[in-house]
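Since the structure comes first, as structure tokens, the remarks are kept for the end.
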């Protein structure tokens, strides 16, 4: 049996402020730092170890992973970073308060932008200062790869490309893998692994800072999945209500 651990980064400063974050490189809040330390302690107490780790190129996911590995005394584990594990790009919504955006455009429209699989939010203009195509972390992107906006399908496409090329082969060679990433990135992976429909993924929430374990067979088909706490397995319905989605 193969085990894969997925974790959404700890609460970020913009999670706390209820802002659309996307590719904006926002750091963890104090609570997010605590969530990351707790996640590391949970994984260590439950006997987990890792051979390789994957994360995005955004500091909230990177820092979460660093803290987890530090808490587990696994700072030596190789870490691979890729923009393909970044959060969904929210286009012109990035930086905006979600409640204020709902008042401006209507709750139904904002819900469609956030939860539908194939509707993109308004795109950034190329002269928008939020369009960070010159950021050195993206210098290897081919022309046209840097998004102005994304729907969940766009995110899923790049995430699964990376999954099949990089992560799945590691799992198939019996490497113990942890992925520290983002809400929509992990939703994309869960949708793929569990064969969820577009409608099925709409209501899927991934809590910040709580390890999600997938037990997989030799073909990487899920046997079961569960969240972890200090006492071991915990089902989704028992996740603490205070967690910010």
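Placed from the backbone N, Cα and C atoms, the Cβ positions cover glycine too.
Annotation source Swiss-Prot lists substrate binding site at 8-15, 21-22, 60, 87-90, 98, 114-115, 183-184. Marked as active site, tele-phosphohistidine intermediate by Swiss-Prot on the basis of sequence analysis: 9. The active site, proton donor/acceptor annotation in Swiss-Prot covers 87, and the record cites sequence analysis as its basis. Summarising the annotation, Swiss-Prot assigns site 'Transition state stabilizer' to 182 and lists sequence analysis as the type of evidence.
Feature annotations (Swiss-Prot) mapped to structure.
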residue	record	Cβ contacts under 8 Å, 6 or more apart
8	substrate binding site	181, 182, 183, 186, 206, 207, 208, 209, 210
9	active site, tele-phosphohistidine intermediate	28, 32, 36, 60, 61, 63, 64, 180, 181, 182, 208, 209
14	substrate binding site	20, 21, 24, 26, 95
22	substrate binding site	87, 88, 89, 90, 91, 93, 94
98	substrate binding site	18, 19, 20, 110
CB contacts for the residue listed as 'active site, proton donor/acceptor' [other CB atoms within 10 A, all chains]:
27
Which secondary structure state does DSSP assign to residue 88 (substrate binding site), in the simple three-class scheme?
coil
Conformational class of residue 98 (substrate binding site) under the three-state DSSP mapping:
helix
Relative to the Cβ position of residue 88 (substrate binding site), how many further Cβ atoms are located within 10 Å?
28
